[in-house]
Amino acid sequence: MEYKKILEMMDFSKGLIPAIVQDDENGEVLMLAYMNEEALKRTVDTKRTWFWSRSRKSYWNKGETSGHFQYVKSIGIDCDGDTILIKVKQVGAACHTGNRSCFYRSFEFEDGGAK
């Protein structure tokens, strides 16, 4: 039932949708991956994140090989229905590099320029 309600609000007309994954406790953005309808269904059904790998052309469950699972706490849908925000309880690292977040490289701007 939950899946059907979510699907009614989604627009998969372009095939894949971006899925932003965020830590439910502290709001940190952990990663971005892509989902199709089946990946979203698996995510809702199992309460763990599933994605579609564009390079391998197959489904993958975050944590299946590493043990670094993402347990779904909530799913938000953007205004156009073509992007979702998944808030999770992250176990271990979210990034394949071993970093907690895939966004571990950043630039800070001061007075209009990067420092």
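Each residue, glycine too, has its Cβ placed from N, Cα and C.
Other Cβ atoms within 10 Å of the Cβ of ASP78 (Mg(2+) binding site) number 15 in total over all chains. Taken from Swiss-Prot, the feature Mg(2+) binding site covers ASP78, ASP80, ASP82, and the record attributes it to sequence analysis.
For CYS102 (Zn(2+) binding site), applying a Cβ distance below 8 Å and a minimum sequence separation of six or more within one chain yields LEU30, MET31, LEU32, ALA94, CYS95. Marked as Zn(2+) binding site by Swiss-Prot: CYS79, CYS95, CYS102.
Taking each of the binding-site residues ASP80, ASP82 in turn and counting other Cβ atoms within 10 Å of its Cβ gives the largest count for ASP82. Sorted by the number of other CB atoms within 10 A, the binding-site residues CYS79, CYS95 start with CYS79, the lowest.
Note: the Mg(2+) site is recorded as ASP78, ASP80, ASP82; in the same chain, ASP11, ILE17, ILE77, CYS79, GLY81, THR83 also have Cβ atoms within 8 Å of that site's Cβ centroid. Mapped onto three states, the DSSP output places CYS95 (Zn(2+) binding site) in coil.
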